[in-house]
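Features of the protein shown, as given by TrEMBL:
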- 42-60: transmembrane segment (TRANSMEM)
- 80-99: transmembrane segment (TRANSMEM)
- 111-128: transmembrane segment (TRANSMEM)
- 134-152: transmembrane segment (TRANSMEM)
- 172-192: transmembrane segment (TRANSMEM)
- 204-224: transmembrane segment (TRANSMEM)
- 273-291: transmembrane segment (TRANSMEM)
- 311-332: transmembrane segment (TRANSMEM)
- 344-363: transmembrane segment (TRANSMEM)
- 421-439: transmembrane segment (TRANSMEM)
- 445-466: transmembrane segment (TRANSMEM)
Amino acid sequence: MIVFSFLCQTLKGSFKRKIELFRTEEDNFLRKNKMSPKSKKLFNIIMLGVAFMFMFTAFQTCGNVAQTVITNLNNTNFHGSGYTSMAIIYGVFSASNLISPSVVAVVGPQLSMFVSGLFYSIYIAVFIQPFTWSFYTASVFIGIAAAVIWTAQGNCLTINSDENTIGRNSGIFWALLQSSLFFGNLYIYFAWRGKTHISESDRRTVFIALTVLSLVGTFLFFLIRKPEESNTLEEEVSSTDESIVDNSSVQSKATRAVDAFKRSIKLYFTKEILLLSVTTAYTGLELTFFSGVYGTCIGAVNRFGTEEKSLIGLSGIFIGIGEILGGGFFGLVNKDNRFGRNPVVMLGIVVHFVAFYLIFYNIPNDAPIASFEGTDNSAYMNPSKELAIFCSFLLGLGDSCFNTQLLSILGFLYSEDSAPAFAVFKFVQSICAAVAFFYSNYLLLQWQLLIMAVVGFFGTISFFTVEWEAAAFVARGSDYRSI
């Protein structure tokens, strides 16, 4: 993480003049078009979402097909596992969240997201010509980058929102982010349609295109600007503009980093975060399932015929459709807070329970751990392509229910110091995702579904508890804010 911070500082100097010239041109454009402070904040949210959409079109598509690509490699010297790589990523991700607020506090959210994006691009590029050592080394670095980019994202989302717009902005961001599942997997569906084996040429073409997309998203972070109106702590400690460094000049960068670390540690042990951690743990488990395991299961079912590989892409498309519809709809619903967040979370768990039952009924138990040849087994019915794809949609819709409401409640409860709150959120989510990717190498489908159902039930109850007390929590102020 020290190396990551040093790299950020080095790049900050290298890009400084170019960024200043670019910002001068952008300021002139904004003045000519008389963009209001509220419009500017909304513009920042949209650009944040678009940048993540490009980056995660590449990364989520990569994660969805990684295990399938690896099992089709002709290179016998390669002995990597997509599941193991994801376990490393999320394991390092979880540990790095302990100090990612310090990095964001020192170098600012914009530069943090840019440098992290470069590491995402490197990881995807590894698949163009994969070697075991480079594959797992890149997995470690992207784990660090993931912690930084998601902490910076939460910071950027919060400083461009208030208590009246945090729900809407969370929905807009989530819908744009999850559009990545649609575009990337649509390409996979048509590129691999009718193929039972992924050739070297197919693999290289796909991953060169994904690397370029990731780099485009990375450079789009430079379009995000500092809001004109805000009193949040993050603006004082995390902007990359020299003009606002003076606001916190009494503190050295080292002191700010230590303070951010201390706030993160204290936040871990608050009642609200402990309760929300159960909900967050569930999102980590189901993230692993829909982003890595379920696509592999579909691709392993030989009874789907010659379309089994292209169905992986189609599954990702319908997960994305569920995510986009959920994020967009719940963003609009959050304009009216009369009903709170609980009904949306309740809808999410019901949708997921239905999906788990249908998957259990449709997909063979040994599908997650099937060999290169796939599985000829069946579950309690002849495997149905249509039902499998419908379950993909349900998984995406349910995931959007949980994540939009978690983003909303964290931004509401910790609006004055969001970076540590989002770091804790990602710490818990990533460590559970790492555990899930690890056991996905060994557990049959039925046990993976049972684990998610149990954790999901208790996660829903814990979220309800926090939501019922949220207004009182903000009204009285928390002990955490008195640091």
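Every residue gets a Cβ built from N, Cα and C, even glycine.
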Quiz item: Between the stretches 42-60, 111-128, 172-192, 311-332, 445-466, which wins on the count of C-beta pairs under 8 angstroms to the transmembrane segment (273-291)?
Solution: 445-466
Exercise. Could you check if the transmembrane segment (204-224) is in contact with the transmembrane segment (42-60), meaning 3+ Cβ pairs under 8 Å among residue pairs at least 6 apart in sequence?
Key: yes
Quiz item: Does the transmembrane segment (134-152) make contact with the transmembrane segment (111-128) through 3 or more Cβ pairs under 8 Å, each pair 6 or more apart in sequence?
Solution: yes
Quiz prompt | Positions on the same chain near the transmembrane segment (42-60), where near means CB under 8 A and six or more residues out | solution = 35, 113, 117, 120-121, 123-124, 153, 156-157, 160-161, 169, 172-173, 175-177, 179-181, 183-184, 210-211, 213-214, 216-218, 220-221, 223-225, 227, 291, 316
Quiz item: In the same chain, which residue numbers or ranges, 6 or more beyond the ends of the transmembrane segment (172-192), come under 8 angstroms Cβ to Cβ?
Solution: 45-46, 48-50, 52-61, 64-65, 157, 198, 202, 205-206, 209-210, 213, 309-317, 319-321, 323-324, 326-328, 330-331, 396, 400, 403-404, 407
Quiz item: Taking the transmembrane segment (421-439) as reference, which of 80-99, 311-332, 344-363 has the most Cβ pairs under 8 angstroms?
Solution: 80-99
Quiz item: Where else in the chain does the transmembrane segment (80-99) make close Cβ contacts, counting only residues six or more beyond its ends and a cut-off under 8 Å?
Solution: 1, 63, 66-70, 130, 132, 135-136, 139-140, 142-144, 146-148, 151, 257, 261, 264-265, 284, 288, 292, 296, 423-424, 426-428, 430-431, 433-435, 437-438, 440-441
Quiz item: In the same chain, which residue numbers or ranges, 6 or more beyond the ends of the transmembrane segment (344-363), come under 8 angstroms Cβ to Cβ?
Solution: 279, 286, 294, 297-298, 301, 330, 333, 379-381, 383-384, 387-388, 390-391, 394-395, 397-402, 404-405, 445-446, 449, 452-453, 456-457, 459-460, 463-464, 467
